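S.K.: Provided herewith is a single structure, encoded as structure tokens, for subsequent inquiry.
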Ligand SMILES: Cc1ncc(COP(=O)(O)OP(=O)(O)O)c(N)n1
Ligand SMILES: Cc1nc(C(=O)O)sc1CCOP(=O)(O)O
Ligand SMILES: [Mg+2]
């Protein structure tokens with residue numbers, strides 16, 4: 001996988017959009033510069049069954065038109081059915097080896113990590129990238145771990161791990177630079193884009209911040 005895909009990783013499902021059409025929100029975010037997308041259909045009122053699959057296909061089609069990889073959160077069967085580019089799994093989800101067995105070799109597997117030990121284990125397993133969080137407090141995910149801030153990314157890099165990393169959790173335009181300067185390749189964001197008045201402008205702002213670090 002290309003490290004730069006992680007520059008601005010948009011994670012979203014229909015319940016994150018304050019009643020707006022998730023297809024419109026995704027299109028706006030892509031126009032603003034999102035480089036990677038995860039379909040995370042979770043929480044109260046989340047779509048299930050055929051409705052979830054239909055939305056997944058529609059969002060995947062939008063990503064495909066713009067060459068943006070389409071990743072599915074948790075749901076391995078859905079990822080296979082809609083021919084997603086990969087899956088994202090957490091420490092409490094299906095174990096890496098079982099996921100890898102089900103997927104085709106070119107499919108991306110991202111793993112959530114919260115410590116250096118989990119990051120090292122994910123690298124040993126063969127994770128293509130890791131999502132490290134929560135960087136900051138967030139209400140978007142109810143069962144978050146302890147907030148450790150960007151320091152944990154610095155520790156992972158000091159341990160010599162070069163795996164592609166995104167920080168996640170409570171990231172907005174005011175703190176993204178700290179996450180990138182700690183050694184993340186990019187930031188993964190839900191509400192700061194999905195609930196913004198303009199997903200386009202919110203994504204554009206994150207891209208400007210990323211350019212400060214990489215220039
Ligand atoms: C990029 C990224 N990083 C971390 C997560 C969190 O995954 P997980 O801990 O499995 O929690 P849920 O998202 O499944 O509620 C993520 N989704 N994406
Ligand atoms: C999906 C997710 N995973 C987290 C982790 O810590 O692993 S925090 C989180 C929610 C991120 O949403 P927002 O950008 O709105 O804070
Ligand atoms: Mg999960």
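Each Cβ is built from the backbone N, Cα and C atoms, and glycine gets one as well.
TrEMBL feature annotations, pasted as is:
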DOMAIN    8-193  domain 'Thiamine phosphate synthase/TenI'
BINDING   38, 39, 40, 41, 42, 73, 112, 141  4-amino-2-methyl-5-(diphosphooxymethyl)pyrimidine binding site
BINDING   74, 93  Mg(2+) binding site
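Map these features onto the structure and tell me what's around them.
M.R.: In the three-state DSSP assignment, the secondary structure recorded for residue 112 (4-amino-2-methyl-5-(diphosphooxymethyl)pyrimidine binding site) is strand. For residue 112 (4-amino-2-methyl-5-(diphosphooxymethyl)pyrimidine binding site), the same-chain residues 6+ apart in sequence whose C-beta sits under 8 angstroms from its C-beta are 88, 89, 90, 91, 130, 131, 132, 133, 168.
Secondary structure at residue 93 (Mg(2+) binding site), as computed by DSSP, is coil.
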S.K.: Determine the binding-site residues, out of 42, 93, 112, 141, lying near ligand 2 in the sense that the CB is under 6 Å from one of its atoms, and give them in sequence order.
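M.R.: Correct list: 112, 141.
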S.K.: Measuring Cα to Cα, how many angstrom lie between residue 74 (Mg(2+) binding site) and residue 42 (4-amino-2-methyl-5-(diphosphooxymethyl)pyrimidine binding site)?
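M.R.: Cα to Cα, residue 74 (Mg(2+) binding site) and residue 42 (4-amino-2-methyl-5-(diphosphooxymethyl)pyrimidine binding site) are separated by 10 Å.
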S.K.: Tell me which residues of the chain lie with their Cβ under 8 angstroms from that of residue 42 (4-amino-2-methyl-5-(diphosphooxymethyl)pyrimidine binding site), as long as they are six or more apart in sequence?
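M.R.: Correct list: 13, 15, 73, 74.
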